[in-house]
Amino acid sequence: MSSSGFKFTLLVPLMVACLMASSARNFHNDFDITWGDGRGKIVNNGEVLTLSLDKASGSGFQSKNEYLFGKIDMQLKLVPGNSAGTVTAYYLSSKGSTWDEIDFEFLGNLSGDPYILHTNVFSQGKGNREQQFYLWFDPTADFHTYSILWNPQRIIFSVDGTPIREFKNMESFGVPFPKNQPMRIYSSLWNADDWATRGGLVKTDWTQAPFTASYRNFNADACVWSNGASSCKSNASPSSASTNSAWFSQEMDSAKQQRLKWVQKNYMIYNYCNDAERFPQGLPPECNMS
C-alpha cells in the first residue's frame, strides 16, 4: 500500500469518529424546543441552545429520546446579573401520577448573591428529598458541567466532576428507587418569584429582561428506551450500544467520597435529612442509613 493510501485508511475512521462526536453534540438531533414562542433557540450550527424569559413567557425543551439509566452531562451558563425570581430547571422525568424525577434547579438571586442549587429525587410520585447547595464558583461567568449518573444502585449528582449528592438504592429498606420508568431530559427557564428567592420576598425585576441561560456539550452515555425496549441488552447489563458502560456499575471511590464530604460540609445549605421539624413522625428511612 502506498503511503498516501495508508494515510487515507487512517483518516477515514478518524473522520467518522469526528462526525459521530459532533453529531452527539448537535442539539437539533437530540432535543425539541417545546414551549416559549421562539424564546428557545438552537444556534451555532446546533452546538448551543439558549432559553430566555421575559414578562410574557419563559421557555423550555425536552430530549427526543427517553432513557432508562445512564450518565447524562450538560454544560450550562446561568442567567447573569440580577436573576432573582428566576428558576432554571434541568432534570430527568417520567410521566404519570407515580412519576420518577431527578432534579437540578438553579434558583436565581440578586446581583452579587449566590445562586442556590436545589436537588431532589422523586420515586413513584413522592419527592420531599431536597438538598440545596451554594456553588464554589460563579455559574454565570462561564459554562460548567452538571451531571447525573443514574444506575440501578445509585444516583450521583456532580458538578464539574465533583459529586455533591448520592441517593442510593435502598429498596430493601422500603424506599422506592427510580428504576422501571424511562425518563426524558427536560429543561426550562421560568418565573417563580412567588417562592424562588428568599421564599418569595424578592421579586423578579422585569427591567432586566430578557433573562437568558445557555447550554452546550450535551452527552448521554445511556440506555435509550424506544418502543418498549432498551438499547441495552437487559436491565442487568448495558450493551455495546453504550459507548462506555462503566457508569452502569459505577460507585464513588475514596477520593470521590472525600470530595462529596467536602462539598456537603462547606456548601450544603439545606438537607431534608436534618429537618426533624418537617417530619414530626420521624425522618424518612433513608436518612437513617449511612
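Any Cβ shown, glycine's included, is placed from N, Cα and C.
As recorded in TrEMBL, the features of this protein are as follows:
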| type | residues | note |
| --- | --- | --- |
| SIGNAL | 1-24 | signal peptide |
| DOMAIN | 21-215 | domain 'GH16' |
| ACT_SITE | E101 | active site, nucleophile |
| ACT_SITE | E105 | active site, proton donor |
| CARBOHYD | N109 | N-linked glycosylation site |
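In sequence order, Y91, L92, S93, S94, N120, V121, F122, G127, P178, M183 constitute the residues six or more apart from the residue listed as 'active site, nucleophile' in its chain with CB-CB distances below 8 Å. Remark: the residue listed as 'N-linked glycosylation site' has S83, A84, Y115, I116, T197, V202 as non-local neighbours, by Cβ distance under 8 Å and separation of at least 6 in sequence.
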